[in-house]
Amino acid sequence: MNTALAAPAHAADALDLGPAWHAGFADLGPAFHTDTPPTALPETQLVALNAPLARELGFDPARLTGPEAVAALSGSRPIAGTRPVATVYSGHQFGVWAGQLGDGRAILLGELRTPQGPIEVQLKGAGLTRYSRMGDGRAVLRSSIREYLCSEAMHGLGIPTTRALSLTGSPQPVIRETVETAAVVARVAPSFVRFGHFEHFSANGLTPELRRLADFVIDRHYPDCRSAAGNAYANLLEAVSARTAALLAQWQAVGFCHGVMNTDNMSILGLTIDYGPFQFMDAFNPAHVCNHSDHGGRYAYHRQPNIAYWNLFCLGQALLPLMDEQQQALDALEPYKALFPAALTRRMGAKLGLQATAEGDAELVEALMQLMARDAVDFTICFRRLCDAVAGDSAPVRDLFLQREAFDAWAERWRERLQSQPGFDAAATAAAMRRVNPRIVLRNHLGQIAIERAQQGDFTEVRRLQQALAAPFDDREGEDDLAAFPPDWAQQIEISCSS
Ligand SMILES: Nc1ncnc2c1ncn2[C@@H]1O[C@H](COP(=O)(O)OP(=O)(O)OP(=O)(O)O)[C@@H](O)[C@H]1O
Ligand SMILES: [Mg+2]
């Protein structure tokens with residue numbers, strides 16, 4: 001059922017932003033959500049707008065910049081045609097069952113129909129909901145800038161992610177370790193359903209609702225799971241596992257640490273979701289833990305692929321009531337073990353200029369990563385300089401290593417492998433490598449500089465970063481500072497769950 005929405009009760013005050021809204025998820029019924037209007041913030045202002053995305057969604061960007069629209073995008077004025085709800089989910093946090101969670105500060109407005117399919121819109125930080133528990137329903141400007149920029153950075157890198165439409169701020173104080181100010185990210189995705197949504201209905205023995213949710217997701221996003229042979233829900237689990245494997249390979253290949261891979265932060269569509277304590281690594285350390293609250297290092301970079309598998313197990317467990325036997329879930333999860341390493345070798349091989357995977361490539365990649373780890377080499381700069389080494393000068397990449405002879409020995413093996421490719425063309429290979437090895441990623445210190453300026457009321461750096469991160473593979477003038485090594489103070493930045 002996909003009904004267009006009736007005008008809400010507060011229609012007189014509601015602002016028409018252009019495109020028509022549909023209920024989508026809210027049609028599932030009251031077991032899945034609670035009607036929750038956003039809570040207004042005072043004196044809202046536009047920190048940044050994603051005009052290209054606005055156009056894709058059917059908005060006229062010029063119409064989103066006026067004070068009324070900015071109030072609407074921050075949840076401070078109702079949007080005509082929307083039906084705001086907070087959805088309920090549960091989840092495993094840091095390996096432990098956490099029980100009911102839910103959208104404690106994100107409010108789903110409804111969905112827009114685009115040529116690419118339905119797109120849900122949420123306001124994160126838009127006020128208290130039934131699921132806020134001890135929280136205040138708010139998000140601070142600091143963490144909202146990080147979410148806004150990183151979701152678009154991931155999109156620019158070609159990594160599946162929720163996306164950010166707008167970032168609005170307000171002087172309203174929000175208490176974290178210090179007093180900060182409130183902000184709201186309007187974010188979009190084809191679906192915000194998480195593994196935790198399934199865990200919720202399963203753990204509560206609500207099998208009809210569990211089935212309803214699974215059918216909703218299959219019908220809209222995985223129709224092949226029903227037409228294929230076998231149990232449709234086991235097929236769903238297998239399809240989600242495949243997307244998750246592909247996602248994790250992409251994270252690992254850009255040195256991205258998520259920081260809070262709890263099952264409530266795992267997207268059923270294999271999107272990156274919840275930009276909290278994430279980090280793009282500077283110096284490569286496979287055991288790097290970006291979240292200062294993660295004392296045990298559960299979500300260290302090198303553990304991410306196994307954690308994803310653990311989370312998929314939780315999803316499989318949740319879907320069991322819809323399967324005929326446990327073995328179906330186990331069989332659906334099995335392919336991850338081969339899919340992930342194959343995808344990683346393919347991605348890392350492409351970073352090294354290899355068009356197809358051959359025997360020995362995984363080992364060649366691993367040997368480089370070990371050298372990088374031993375010398376704490378900068379992840380992004382190393383791969384970018386390798387591009388230049390194919391057709392030209394290898395001194396800049398060699399200079400990154402302390403153990404130069406070890407690097408030379410590795411580079412010789414690499415060159416041999418490159419030249420073994422049929423029709424090898426050095427210039428074309430270097431160009432292809434530049435399309436997969438970004439020049440610019442959202443390093444912690446770059447975000448920090450933009451945050452500190454924005455906290456002073458200057459949003460220019462947020463907007464400059466947004467533009468640069470949208471095309472992270474390009475060599476553009478005036479962006480050398482964004483592609484440079486991190487300053488020493490970058491190591492002192494502490495990123496925690498506080499947001
Ligand atoms: N300030 C807050 N007020 C209310 N609830 C919160 C707040 N911060 C986090 N929560 C809730 O705590 C749980 C775990 O938070 P987590 O940090 O994973 O998510 P989040 O950053 O709020 O958002 P999301 O996963 O939607 O991006 C979620 O249910 C979340 O809604
Ligand atoms: Mg979360």
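Backbone N, Cα and C atoms are what each Cβ position is placed from, and that goes for glycine too.
The active site, proton acceptor feature in TrEMBL is assigned to D264. D264 (active site, proton acceptor) carries a helical DSSP state (H, G or I).
The ATP binding site annotation in TrEMBL covers G102, G104, R105, K124, D136, G137, R187, R194, D274. Shown in sequence order, A106, V121, Q122, K124, E147, S151, T162, R163, A164, L165 are the residues of the chain, 6+ apart in sequence, with a C-beta less than 8 angstroms from the C-beta of R187 (ATP binding site). DSSP assigns R187 (ATP binding site) to a strand in the three-state reduction.
Taking all protein chains in view, 22 other C-beta atoms sit within 10 angstroms of the C-beta of D274 (ATP binding site). The annotation Mg(2+) binding site is assigned in TrEMBL to N265, D274.
Residue pairs drawn from G102, G104, R105, K124, D136, G137, R187, R194, D274, the listed ATP binders, are separated by up to 22 Å at the Cα level.
With a cut-off of under 6 Å between the Cβ and any atom of ligand 1, the binding-site residues R105, D136, R187, N265, D274 reduce to R105, D136, N265, D274.
Taking Cβ-Cβ distances under 8 Å and a sequence separation of 6 or more, the neighbours of G102 (ATP binding site) in its chain are A86, T87, V88, Y89, S90, T129, R130, Y131. Look at the Cβ of each of the recorded positions D136, D264 and count the other Cβ atoms within 10 Å; the largest number goes with D264. Separation of the C-alpha atoms of N265 (Mg(2+) binding site) and D136 (ATP binding site): 19 Å, rounded to the nearest whole number.
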